[in-house]
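Just below is one structure, and these are the notes that go with it.
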Amino acid sequence: MSPATTSSAQGYPPSKEFAAQANATAEMYDRADADRLEFWAEQARRLDWDTDFDQVLDWSGAPFAKWFVGGTLNVAVNCVDRHVAAGKGERVAIHWVGEPGDSRDLTYAQLQDEVSKAANYFSAIGLVAGDRVAIYMPMVPEALISMLACARLGLTHSVVFAGFSAGALRSRVDDAEAKLVITTDGQYRRGKPAPLKAAVDEALGSGDDAAKSVEKVLVVRRTNHDENLPWVDGRDVWWEDTVDEQSATHSPEAFDAEHPLFLLYTSGTTGKPKGIVHSSGGYLTQASYTFHNVFDHKEGRDVFWCGADIGWVTGHSYLVYGPLSNGATEVVYEGTPNSPNEHRHFEIIEKYGVTIYYIAPTLIRTFMKWGREIPDAHDLSSVRLLGSVGEPINPEAWKWYREVIGGDTAPIVDTWWQTETGAIMISPLPGVTEAKPGSAMKPLPGISANIVDDQGNPVSHGEQGYLVLDQPWPSMLRGIWGDEDRFRETYWSRFAEQGWYFAGDGARYDDDGALWVLGRVDDVMNISGHRISTAEVESALVGHAGVAEAAVIGAADETTGQGIVAFVILREGVENTGEALVKELREQVSIEISPIAKPREINVVPELPKTRSGKIMRRLLKDVAEGRELGDTSTLVDPSVFEAIRQKRA
Ligand code: WT7
């Protein structure tokens, strides 16, 4: 779904009214250009530091950055305690809405108590700064409380999306050697409770196969669906029996700016997910700065809602660290947008008076399919700013979003960033930058990006190239957990000579110099804004006893951006049972990775198109799946394989 790019694309300049009250100013670009490091030092000082930093950036060990060298701070104190200390304890931090319709408001003072109790418990069981904690939970308040309690103690959290399978959880727990796993008994899925702790039990195994690092499993009661929840004595404890019993006072310590705040596993071009490492001071500085300026957040007035799950980086930076470090009031919603019906999001906006709403284009396109009469049935006049994230937004969806959800006045910020960048990098600044539907416009003040060709030469306007980040930024990843070589190889080898970070995306400037992100140029797919590698799905498919070989591609999909299309070759003698086999294979992927990685389409084919060197030509498979004329097939060993594939699909 590459957006069309023309300079004549209609631009939306900021309105006078919005500009007059905006947090951001045009002058920020100049200031950052004049002295980038001084600009970031200024942003860092929006936080409370226990010890001031004496150097803004140490890039001498590139590509390993150190930001705010010598500084110490406590991330949780910055997100919670300092607001209470400033007399804002009665302000609601979180309006939590559960999927079955239950709800709970947490003020900053209450949040401080809850985070302190959890921190006291984590200390009581012997966890110390630097230990890793896996969080495998649905969107309940305790998930955010757990993250903040980790931050408070310098424990490095690793949130694993609760939609991931037991196998995916196990590999992440093992890789990080997590000592504690926090989960819930079950989670709501479209109105019904589904087990979750069972997946933890399966993941952690027993006897010889037990995950060695794990000492405790802390369980929050959420669904209460199982009277005889399987329990491992000595290992498993209930939150209500342990955390809730702790004192609500806790004295925080300060940690080095570079202390690892969290790991977040994301898909790369190989089958093995990588644990992206994020820091404390630099990460929080940029999460906080972007929240304030890109979302134009006004303390005490706005109600922010980010629709992401804490299992993704968007949930880390814009459900936890960005909003809370700014003292925001936000909505946290546990469920799916159509539970119990398609009115859910709009009812929540109406009920809480949401002013800033941040979701992925997939959801916008889903809303469009449901029809505008659904949002039109609600008073959405509180909305004053809209955000988009996760994938390119097509201009039709952009315009619909602005008109139907934003009352035709709300500016839209199309925010480009990645798990690795930690926070927003490229986006219009509302009230300052013009916005074009489908364009992320330009790097934020303090951020430097470029679009270059294979050799690293800047491309001319209108031409497609590779998106690179040519200067370090505070919230940049500090590495891949336990794998320095992979870190260098993945991000820094493509433009090693220049020392640039290669993001994996293609992009181009239009004639006005606005930046259009065109999507991944590597073997990473983007399904509903979720990042899934072709290799991961292929390896899950060949894990099935009947499959000899598999090739997977992301094909354009009207709703989800891309959809997973698989081509498999069966082993000798394995019978193709048609629908039954396809069902089995989809299930296999769901079990190995997650239901979100289930292929939309699986084609059993006699052969895969390969080059003479044996490489599968995914580009050609994509042409087939998207119903296009085939591109150049001259390097194929046997161009006729396509006839067979085509026939299969017909
Ligand atoms: C990839 C990163 C950003 C947090 C959620 C996804 C794509 C992200 C945009 C956007 C076009 C976008 C890129 C990027 N992407 N935002 N506004 N326009 N593409 O984080 O899972 O690390 O995925 O998402 O391809 O590389 P992620």
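Keep in mind that glycine also has a Cβ here, set from the backbone N, Cα and C atoms.
For the ATP site, TrEMBL gives G390, E391, P392, D414, T415, W416, W417, Q418, T419, R520, R531; the one candidate out of D453, D454, D505, D557 that the record lists there too is D505. Binding site for CoA per TrEMBL: R189, R190, G191, K192, T314, S528, plus N338 from the candidate set N224, N228, N338. Within 8 Å of the centroid of the Cβ atoms of V542, H544, V547, where the record puts Mg(2+), the same chain has further Cβ atoms from A540, L541, G543, A545, G546, A548, A550, V568, L585, Q588. In the structure shown, the C-beta of T314 has more C-beta neighbours within 10 angstroms than that of any other entry among the binding-site residues T314, N338. The binding-site residues near ligand 1, defined by a Cβ under 6 Å from one of its atoms, are G390, P392, W417, T419, chosen from G390, P392, W417, T419, V542.
For the pair G390 (ATP binding site) and S528 (CoA binding site), the Cα-Cα distance reads 8 Å.
Considering only the binding-site residues T314, T419, S528, no residue lies within 10 A of V542 (Mg(2+) binding site) on a C-alpha to C-alpha basis.
In this structure, the CA atom of R189 (CoA binding site) is 26 Å away from the CA atom of T419 (ATP binding site). Around the Cβ of R190 (CoA binding site), 11 further Cβ atoms fall within 10 Å across all displayed protein chains. Helix first, then strand, then coil: DSSP counts for the domain 'AMP-binding enzyme C-terminal' (536-615) stand at 24 helix, 27 strand, 29 coil. Across the domain 'Acetyl-coenzyme A synthetase N-terminal' (26-79), the DSSP tally of helix, strand and coil residues reads 22 helix, 11 strand, 21 coil.
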